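Annotation source Swiss-Prot lists ATP binding site at G170, D171, R172, Q173, T174, G175, K176, T177, citing sequence analysis. What Swiss-Prot lists as site 'Required for activity' is S363, and the listing cites sequence analysis.
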Amino acid sequence: MVSIRPDEISAILKQQIEDYDKSVSVSNVGTVLQVGDGIARVYGLDKVMAGELVVFEDGTEGLALNLEDDNVGVVLMGEGYGIQEGSTVKATGKIASVPVGEAMLGRVVNPLGQPMDGKGEIASTDVRLIENPAPGIIQRKSVHEPMQTGITAIDAMIPIGRGQRELIIGDRQTGKTAIAIDTIINQKSEDVVCVYVAIGQKAASVAQVTEVLRERGALDYTVIVAAGASEAASLQYLAPYTGAAIAEHFMYQGKATLVIYDDLTKQAQAYRQMSLLLRRPPGREAYPGDVFYCHSRLLERAAKLSDAMGKGSMTALPIIETQAGDVSAYIPTNVISITDGQVFLSSDLFNSGLRPAINVGISVSRVGGAAQTKAIKKIAGTLKLELAQFDELAAFSQFASDLDAATQAQLGRGKRLRELLKQAQFSPLLLAEQVAIVYAGTKGLLDELPVEKVTEFVRELRDYLKTSKPEFINAIQTEKVMSESSEAILKDAIKQVVSGLLVAA
């Protein structure tokens with residue numbers, strides 16, 4: 001028979017009392033009243049914050065957007081097939097945040113910062129809130145450094161500066177994304193961190209962009225944030241803010257950054273869908289009243305920081321898709337009024353063979369002129385005016401039978417300028433090459449050359465300068481100014497190439 005010893009029992013009880021965990025966990029919990037269309041109505045969650053992350057029983061995350069008297073409207077960040085009426089919801093006490101830092105470079109992530117490229121977890125210790133206030137007036141400096149796109153038409157006539165917001169606007173299939181990708185590729189030697197945000201695009205399109213950047217060595221300094229067409233509306237809505245947060249981290253470290261939002265039309269549509277399902281009152285074109293604020297608070301985060309803040313910059317290139325060239329619709333007019341200028345792409349010009357299809361007449365850069373390099377500013381001053389006059393004359397000359405010599409000469413020069421500004425995709429030019437091409441056109445050095453030979457002239461001149469006159473390219477690239485000696489070298493080079501082409505003809 002086993003003897004019971006009271007001292008042993010008391011020792012065991014004492015040990016168990018000592019090991020007892022007294023910690024109490026308090027959770028803010030609610031119950032699902034209704035779920036459907038990516039929206040859940042939740043009862044409870046009394047102390048939830050606006051924009052707070054909540055977690056459902058099946059692990060789906062949500063964002064508390066509507067805080068009402070008797071329920072909370074939550075948008076789901078996933079399919080949420082496992083959520084049922086009566087399921088519990090737990091508030092996390094956290095606002096949506098994203099990992100940031102060097103570890104993000106070269107990666108493809110979703111709007112919550114989770115990897116989508118199959119390269120494993122992102123080893124980043126830094127985290128930043130997705131929504132952040134924009135820098136204040138005192139923290140900013142006026143735009144004064146150029147952001148070279150490598151596209152002659154833009155760098156010469158619609159220059160973009162670091163810290164600027166320049167809208168790229170046009171119908172579908174007019175080359176909007178191509179301009180953005182060219183700009184990223186052109187930053188290879190500029191030490192600029194790039195963020196490409198794909199909103200509501202086909203997965204195949206995002207894969208194609210990723211491959212193009214990888215082939216050209218641009219993925220090493222680029223982060224891709226993708227919220228595809230099949231993703232929840234909440235993720236498409238959040239994607240641009242995630243891109244801004246990733247770029248902000250580098251901006252506040254004193255680096256230059258470039259963010260492409262491709263495109264904000266789809267983000268506005270996702271926000272409209274969420275707002276209507278949350279029963280918010282619709283306004284013009286059924287968009288909610290705060291859709292302007294949705295875009296303005298995003299684009300105001302782009303800035304050129306003051307010296308005291310570390311001299312960093314964030315340049316934003318938002319893209320907007322128009323319907324049949326209508327720039328007077330609600331979202332296009334909103335974004336035009338927020339940004340510092342726009343590059344307007346025309347489907348008529350695109351179909352006529354002018355690529356990039358930039359309509360120079362209504363494209364403008366409101367602050368970039370201050371950032372333009374002296375070398376190209378000096379020679380491109382008349383370019384925009386000459387092209388505008390050419391467009392006017394070309395329309396007039398269709399009805400006029402006999403034109404005087406001066407008008408014919410002006411039309412001839414306009415045609416040559418148009419040809420000079422044609423540029424193949426994924427082939428950005430050096431500043432020195434742009435200077436040489438624009439100089440040849442505006443100074444009338446190509447007036448004798450047949451129009452069909454202009455494209456060949458551009459190719460020959462670039463090769464000639466690289467092989468025979470590297471001192472010209474080095475001088476322009478380093479000094480950013482056209483000296484008298486450089487001008488003499490360039491004039492001689494242009495004459496050599498033109499005479500060679502005329503002899504061949």
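Just so you know, glycine gets a Cβ as well, placed from its N, Cα and C.
Feature annotations (Swiss-Prot) mapped to structure.
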{"residue": "G170", "record": "ATP binding site", "Cβ neighbours (10 Å)": "27"}
{"residue": "D171", "record": "ATP binding site", "Cβ neighbours (10 Å)": "18"}
{"residue": "R172", "record": "ATP binding site", "Cβ neighbours (10 Å)": "11"}
{"residue": "Q173", "record": "ATP binding site", "Cβ neighbours (10 Å)": "12"}
{"residue": "T174", "record": "ATP binding site", "Cβ neighbours (10 Å)": "27"}
{"residue": "G175", "record": "ATP binding site", "Cβ neighbours (10 Å)": "20"}
{"residue": "K176", "record": "ATP binding site", "Cβ neighbours (10 Å)": "25"}
{"residue": "T177", "record": "ATP binding site", "Cβ neighbours (10 Å)": "21"}
{"residue": "S363", "record": "site 'Required for activity'", "Cβ neighbours (10 Å)": "22"}
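In three-state terms derived from DSSP, G170 (ATP binding site) belongs to an extended strand segment. In this structure the C-alpha atoms belonging to G175 (ATP binding site) and S363 (site 'Required for activity') are separated by 15 Å. Cα spacing between D171 (ATP binding site) and S363 (site 'Required for activity'): 15 Å, rounded to the nearest whole number. Cα-Cα distance from Q173 (ATP binding site) to S363 (site 'Required for activity'): 18 Å (rounded to the nearest whole number). In the three-state DSSP classification, G175 (ATP binding site) falls within coil. For the ATP site, the Cβ centre of G170, D171, R172, Q173, T174, G175, K176, T177 serves as reference, and the other residues of the chain with Cβ at most 8 Å from it are E321, L345, S347, F350, A357. Taking the C-alpha positions, the distance from K176 (ATP binding site) to S363 (site 'Required for activity') comes to 14 Å.
You'll find the Cα of S363 (site 'Required for activity') roughly 17 Å from the Cα of R172 (ATP binding site).
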